[in-house]
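To keep things clear, I will list the structure first and then write my remarks on it.
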Amino acid sequence: MSHFSDRIQFYPLKNLLEHISSPDELRRLDPDDLPRLAKETRGFIIDIVATKEGHLGASLGTVELTIALHYVFDTPDDKLIWDVGHQAYGHKILTGRKSIFDTNRQLGGISGFPRRTESEYDAFGTGHSSTSISAILGMAIASRLQENTERQHIAVIGDASIASGMAFEALNHLGSTDANVLVILNDNAIGIDPSVGALKKYLTNVKKGTAKEENIFECLNLAYTGPIDGHDISQLLPELERLKSVRGPRLLHVITTKGKGLEKAEIDQVTYHAPGRFDRFSGEREPSTDNELPLKYQDVFGHTLVELAENNPKITGITPAMPTGSSLKYMMAEFPKRAFDVGIAEQHAVTLAAGMATQGLMPFCVIYSTFLQRAYDQVIHDVALQNLPVIFCIDRAGIVGQDGATHNGIYDMAYLRCIPNLVLFAPMNETELRNGMFTAQLGLPHPIAIRYPRGRGVQQEWRTTFETIEIGSSRELRKGSKIAILSIGHIGNSIAEAIEAFEAGQIGHYDMRFVKPLDKKRLYTIFEHYDFVISIEDGCKAGGFGSAVLEIANEMGHANKLIIMGIDDLFLEHGTAGEVRHLAKIDAEALKNRIKILLDE
Ligand SMILES: Cc1ncc(C[n+]2csc(CCOP(=O)(O)OP(=O)(O)O)c2C)c(N)n1
Ligand SMILES: CC(=O)[C@@H](O)[C@H](O)COP(=O)(O)O
Ligand SMILES: [Mg+2]
């Protein structure tokens, strides 16, 4: 189908976007109208994200590219994958989700990332980075085997995401095939934080025309074109048309600006990656009203690490591409030679830490729970098997809220507790986090993972004096007689509050601190003493903390006393963290209901 026939003249209409509900309608526009559509789409994104929040900068940067791709290619028959997917808001708006875009990331609303179940235009579900080239190559191979020679296959991937191991593995494979794949490298020279590494330097040289080497993509057998201006539709259209007319592995390098079209977002690209609420005209972020609230766990981690590093020269810090999110940025500022942002490279981050540990360093390797999933083998094979004392700080553990199913950190307790040698600790508050970090750097004979959630702690005074925590010890927070509640980590705070409603002396509460090793002695006493025991965790029930307690209860012949509260065997959707916890029945209300039922028995 030619996109240049059957055009509709929209000139009398003030708002083009109002009349575009699908790429079919988009393709009927005159090409000269597309810049106007881009402006309107950008405005639409800004209007919604200003109040509903979400990923702003990346999507503002891909508006023209999105329009050009859907204009030139025959989506959804042609397959289009957005790597990470946080830049796909324009894609969602133009592929039938404009009227519900204001539900983005809200409970019951559309996902903040592409999803196959949400639209036929979402060829592949994303959220974690650097998967797009593998997936699109898989689709291209399938088209070939199914004798579909017409279908086009396109992956859009950012400059930070293409530097990740998975993307390189896929390029390595792609270049050895004649698969019909077009990779679009959306190069804005930044990830969430500024891009790092040798590839970033190389891409900068390519842009300046000063790359001395052969083109790296050409060397990998991809037909390279670019760089071109990714905001100039008059450049994008003819180049995409040309690329559509040829076959084989191709890479188009486009240069874009993260945050394009909103001055503040262009200037402060790190903050405006996901800025929270802001004024849609000025871009000014809503002033924070929570100055009185406790600090975020991330900041407690970041400042504590600096404090410890000042006194312990063996400490190093490692983050795979999340220095701001994890607050490793504080150590990077204070000790630039000892703190490393390695880019989106979770596997490398873990094995890098292992290497450092072999030489007597004490690496704090801070990784979001959900992204550590990618480095599972490295945790087992490179760290635990060699019993290297790497200190994992597992950020965003538990329910993360609006990022939803792709980002929830609810599997780590299950996937880590089965690994020999590994200690697994979950602090209930800031003091516990600090003391856990302090204890770890005293020199443990094992690797340790310290898991803590996204967001704020509970203490105003967090800069407490350090104390050592005995590995495998728990804390009795409240004595009881009938029902014992065993909590792990931050969730214990809402539990402590919930049980205040019950008569003193009935309900006991224990902060178990360690998923591994469990405080067996304490558990033996508890199971002997109480009629019922409830374990509660912000992780999956299968194989998690409650399962570990059940193993001990079973040893004692008391398995029938235990009720496990945790996340059922399903993927949790997006919503505020509170809403999702409520739906998952791991909040204070669910616990109170359980207790009431047991007390009535
Ligand atoms: C495996 C994994 N690690 C980390 C992240 C967190 N993350 C999301 S977007 C992003 C930066 C992506 O940068 P780039 O690919 O350049 O895209 P841009 O945001 O610039 O459009 C990172 C690190 C992730 N989604 N997946
Ligand atoms: C798209 C992505 O993976 C990140 O931007 C993620 O949403 C960051 O999460 P936090 O907001 O918890 O840092
Ligand atoms: Mg980028």
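A Cβ is built for glycine as well, from the same backbone N, Cα and C atoms used for every other residue.
On a predicted model such as this, the values are computed, not experimentally measured, just so you know.
According to its DSSP assignment, S161 (thiamine diphosphate binding site) is helical. Residues or ranges marked as thiamine diphosphate binding site in TrEMBL: H86, G127, H128, S129, A160, S161, N188, E346.
Taking a C-beta cut-off of under 8 angstroms and a sequence separation of 6 or more, N188 (thiamine diphosphate binding site) has the following same-chain neighbours: G61, G158, D159, I255, T256, T257, K258, Q269. According to its DSSP assignment, N188 (thiamine diphosphate binding site) is coil. What TrEMBL records for D159, N188 is Mg(2+) binding site.
Marked as domain 'Transketolase-like pyrimidine-binding' by TrEMBL: 295-460. Mean per-residue pLDDT, taken over the domain 'Transketolase-like pyrimidine-binding' (295-460), amounts to 98.
A simple way to gauge crowding: the CB of S129 (thiamine diphosphate binding site) has 25 other CB atoms within 10 angstroms, across all the protein chains here. Shown are the binding-site residues D159, E346; of these, the residue with the fewest other Cβ atoms within 10 Å is D159. Looking at the residues that bind thiamine diphosphate per the record, H86, G127, H128, S129, A160, S161, N188, E346, the two CA atoms farthest apart are separated by 22 Å.
The 6 Å Cβ screen around ligand 2 retains H86 from the binding-site residues H86, H128, E346, ordered by sequence position.
Between the listed binding-site residues, namely H86, H128, the fewest other CB atoms within 10 angstroms of a CB are found at H128.
Taking a Cβ cut-off of under 6 Å from any atom of ligand 3, the binding-site residues H86, G127, S129, D159, A160, E346 reduce to D159, A160.
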